[in-house]
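Feature annotation from Swiss-Prot assigns Ca(2+) 1 binding site to GLU56, GLU57, ASP107, GLU109, ASP144. For 46-149, the entry in Swiss-Prot reads domain 'Cadherin 1', with the evidence type sequence analysis. Taken from Swiss-Prot, the feature domain 'Cadherin 2' applies to 150-256. The domain 'Cadherin 3' annotation in Swiss-Prot covers 257-371. Per Swiss-Prot, the feature domain 'Cadherin 4' maps to 372-476. Positions annotated as domain 'Cadherin 5' by Swiss-Prot: 477-593. If you look up Swiss-Prot, you'll see ASN59, ASN155, ASN441, ASN523, ASN535 marked as N-linked glycosylation site. Annotation comment: Swiss-Prot describes 621-660 as region 'Required for interaction with PALS1'. Annotation comment: Swiss-Prot describes 1-24 as signal peptide. What Swiss-Prot lists as topological domain 'Extracellular' is 46-599, and the listing cites sequence analysis. Swiss-Prot lists 621-784 with the feature topological domain 'Cytoplasmic', giving sequence analysis as the kind of evidence. Among the features that Swiss-Prot reports, transmembrane segment is placed at 600-620, with the record citing sequence analysis.
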Amino acid sequence: MQRLTELATALGAFLGLLAVAAMAGPNFPQIDTPNMLPAHHRQKRDWIWNQMHIDEEKNESLPHYVGKIKSNVNRQNAKYVLQGEFAGKIFGVDANTGNVLAYERLDREKVSEYFLTALIVDKNTNKNLEQPSSFTVKVHDINDNWPVFSHQVFNASVPEMSAIGTSVIRVTAVDADDPTVAGHATVLYQIVKGNEYFSIDNSGLIFTKIKNLDREKQAEYKIVVETQDALGLRGESGTATVMIRLEDINDNFPVFTQSTYTFSVPEDIRVGKPLGFLTVVDPDEPQNRMTKYSIMQGEYRDTFTIETDPKRNEGIIKPTKSLDYEVIQQYTFYIEATDPTIRYEYLSSTSGKNKAMVTINVLDVDEPPVFQRHFYHFKLPENQKKPLIGTVVAKDPDKAQRSIGYSIRKTSDRGQFFRITKQGNIYNEKELDRETYAWYNLTVEANELDSRGNPVGKESIVQVYIEVLDENDNPPEFAQPYEPKVCENAAQGKLVVQISATDKDVVPVNPKFKFALKNEDSNFTLINNHDNTANITVKYGQFNREHAKFHYLPVLISDNGVPSLTGTSTLTVGVCKCNEQGEFTFCEEMAAQAGVSIQALVAIFLCILTITVITLLIILRRRIRKQAHAHSKSALEIHEQLVTYDEEGGGEMDTTSYDVSVLNSVRGGSTKPLRSTMDARPAVYTQVQKPPRLAPGLHGGPREMATMIDVKKEEADNDGGGPPYDTLHIYGYEGAESIAESLSSLSTNSSDSDIDYDFLNDWGPRFKMLAELYGSDPQEELII
């Protein structure tokens, strides 16, 4: 094989030189290679003439001879020059002989072709003696690379129990050698570990070799794949690991963890409440576990049911009806666990462990008494005196068979109409009237009794419905109140009123009422219409109002009950004055007909009078308050506190907390005596101990004011009960365009003591206070 490679290399170089000679003509440089033959004839132009060839990774000493360029220019001053990216770095040329040399070992996998340009230039002038010629140096491949996998580890999965030949994964390895050279880049694969389960073809496809790959036996396989080229070259990096995971399928039956399950439950367990749990083992993965539990045999399928917990795959046994220890103390039956989604074609065999026996022991508990019926319905005719209505019966279901005591809940018999005996007999204590209550709903309690007759244990209740039957004990009466009227000049046969009757008793399907007048000697007659109504008409005509303004007619009404009852209802017929058209013009019963009596009219009049008096008082009070506000000062006249003056003078007597003398002393530096009336009145604010007054010559006025303010501030801070001095003050401000400008004391500076405020006395009584505050003090003038 190596000889063939060398021969192919020499042949390629020879053909390249021939092509160069053919294209260059007589004056173009010629490229020569080792073993080049003399050319006596022009070669065809389709030969590749501009190529040189060299083997990669040559073991000979550097530099390596690549080829030779020649020219028919025979000049002593000619030299050969190479140009290109790799000229002078990797390749060089002998300037005199034209030999092209490689100064580095070449690697075809890095660079497979080098592009160079050959020139013949003058040694002295470096001018081209011929046109430049480009040529290519191709690196011949040698089999110096082994195949390398794209990944060191491949991950794949395949369903368990797959058929033989099922594709798993395709692995890929790449050989960097020249694929055009036979055998250099051809990749071959083989499994060196795990080949008893899987196979691989020359394309790198791995497939199953056997069909019984069971995930429950081995869930994952580690396969080692090795690759080499066609010439058998392999290396360390030509090995890869393939991790093949078996995907689970539902091919296993659930198996009970026990062959027998025993549970003990109280007999009073609630229907539908879990009484036990069944556990199975299913080697399949959770998504393939769908266990279904069922009772195989026995007559208890209607007593118990088994549900599946989807999260834990457990069976939950629940009772479907109440358990009774006194009837059955133990239940035994067989159960089966199946999987409806199992893949039977992959199922090897059934182990028989998917069946088990269940035993349920019922425990006795103290149960409440049990009534023989769910409810009782008794009937009793009304007006009966303490008869036996009915009997309720309850028994102790336990083995103790204790005696039972009965009682009626007071909340169901608030009127205490009934009583019950120890034997459960129910009697009525009072006569029952169906027209008052037609039904009675009683709640009867049953308790177990100990040997002393005291209730013990649990209790049970039952509803007793007592229906009161009707008896014909109510005579018929008018269906509504009638107030008939008749004209005093009514003619004979004039209809006065049509009456009908009603009965409080249960009315039969076809009730029949009979009507009759008790006294036939009146001026009225009764005509029975035979439809449970009757007409009252004038018998003779002409009534005398002066003799009788009202006529009272007793009417007898009889029913068709057994026995028949007759009632008497009285009609009061008023005689009225009428006009010619027969319209009533005056009736004494009009006031009564309106439904308003004399007492009611008096009460209404008193209410109206009371409301009127209250309204007048409210209006008067608002008027007085409005007048009081009209005489009071507005909010703009408030200074330090609200002072209300009901008269022109004397208002300053209320300002005990506002010491006017202090302000005057500041202005004049003298002490103004307090009025005796101010000392007699109690102070509104906390009394402040003032500092001793200093003469104006010893201390300035404004300084004394500052001291006074500090003292008041300190005492106000220490007095938790007194009102604060730093409250909001509202001052009236007349404006800069007025004569007095601002009246606020805050706008007064310390140098206003020379201002004459006597003009305030001319402003009237409302400014008297300001005139006294800012007016000159005679004592100050004396001191000055």
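Glycine too: its Cβ is placed from the backbone N, Cα and C atoms.
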- Message: For the glycosylation sites listed here (ASN59, ASN155, ASN441, ASN523, ASN535), tell me which residue's CB has the most neighbouring CB atoms inside 10 Å.
- Response: ASN523
- In DSSP terms, the domain 'Cadherin 2' (150-256) comprises 3 helix, 48 strand, 56 coil
- Which of the glycosylation sites ASN59, ASN155, ASN441, ASN523 has its Cα nearest to the Cα of ASP144 (Ca(2+) 1 binding site)? ASN59
- All chains considered, the count of other Cβ atoms within 10 Å of the Cβ of GLU56 (Ca(2+) 1 binding site) is 19
- Item | Listed in sequence order, residues not in GLU56, GLU57, ASP107, GLU109, ASP144 with Cβ within 8 Å of the centre of the Ca(2+) 1 site Cβ atoms | ARG105, LEU106, ARG108, LYS110, VAL139, ASP141, ILE142, ASN145
- Restricting the comparison to the glycosylation sites ASN155, ASN441, ASN535, which residue's C-alpha is spatially nearest the C-alpha of GLU57 (Ca(2+) 1 binding site)? ASN155
- Query: If H, G and I count as helix, E and B as strand, and all else as coil, what does DSSP give for ASN441 (N-linked glycosylation site)?
  - Reply: strand
- Task: Summarise the domain 'Cadherin 3' (257-371) by DSSP state, stating how many residues are helix, strand and coil.
- Result: 6 helix, 50 strand, 59 coil
- Message: Can you tell me which of the recorded positions GLU56, ASP107, ASN155, ASN535 is spatially closest to ASN523 (N-linked glycosylation site)? Compare CA atoms only.
- Response: ASN535
- When a 10 Å sphere is centred on the Cβ of GLU57 (Ca(2+) 1 binding site), how many other Cβ atoms does it contain? 13
- According to DSSP, which kind of secondary structure is ASN535 (N-linked glycosylation site) found in, if we only use helix, strand and coil? strand
